[in-house]
Amino acid sequence: MRIVVLVSGTGSNLQSVIDAVANGSLPLDIAAVGADRPGTLGVERSASAGLETFVVNFKDYSARTEWDAALLEKVASYAPDYVISSGFMRIVAPGFINAFEGRYVNTHPALLPSFPGAHGVRDAMAYGVKVTGCTVHFADAGVDTGPIIAQTPVAILPEDTEDSLHERIKVAERELLIQVLADLARA
Ligand code: GRF
């Protein structure tokens, strides 16, 4: 099974996938890792691991539709079975979803449909829920919407800060993503 992973930031969840593939516990091929901006640690980690990487820099395109088309063309050039959004902070265009319908997997640090968007951890704390968690789902053209594949609950502790909670969620998120990818690879 071939995947392309899209990141925008540190790529710690991606790192856990790279490690699982390297130690043989995840039977898949990471065809490439891409970002929407230069200088991400996620792409840096991937290059260090000997993986192919690319950047389709959002700022290089005067029109959003041109960036959308360039991203789709680049990702499709790897002929992936699945595209994994792991900390990728762009909402892809409907054309991208059409090309990878049911094969675009996103991870989110909250129990969707609760707390979608870029601040799911912060929003859960602000609301005062006692349990949040993480979600792996097939993404559609919405913001963190689409059929849910798996979820893990994570309790919010009184002493939690947004960072401490997000780090604890990410531990669960990495395990969940690897489990989902292993299941997809076996299917
Ligand atoms: C993850 O929690 C992801 O769900 C959210 O941003 C975080 C990315 O973390 N969108 P990292 O870049 O994998 O460290």
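Heads up, the Cβ atoms here are built off N, Cα and C, so glycines get one too.
A TrEMBL annotation is a machine prediction, not a hand-curated record.
Of the residues Arg64, Arg122, TrEMBL puts just one in the (6R)-10-formyltetrahydrofolate site with Met89, Arg90, Ile91, Val92, Asn106: Arg64. Looking at Asn13 (N(1)-(5-phospho-beta-D-ribosyl)glycinamide binding site) and Asp144 (site 'Raises pKa of active site His'), their Cα atoms lie 17 Å from each other. With a cut-off of 6 Å between Cβ and the nearest atom of ligand 1, the recorded positions Gly11, Arg64, Arg90, His108 reduce to Gly11, His108. Under the three-state DSSP scheme, Gly11 (N(1)-(5-phospho-beta-D-ribosyl)glycinamide binding site) falls in the coil class. Separating the Cα atoms of Val92 ((6R)-10-formyltetrahydrofolate binding site) and Gly11 (N(1)-(5-phospho-beta-D-ribosyl)glycinamide binding site) is a whole-number distance of 19 Å. Here the Cα atom of Asn106 ((6R)-10-formyltetrahydrofolate binding site) is found 8 Å from that of Asp144 (site 'Raises pKa of active site His').
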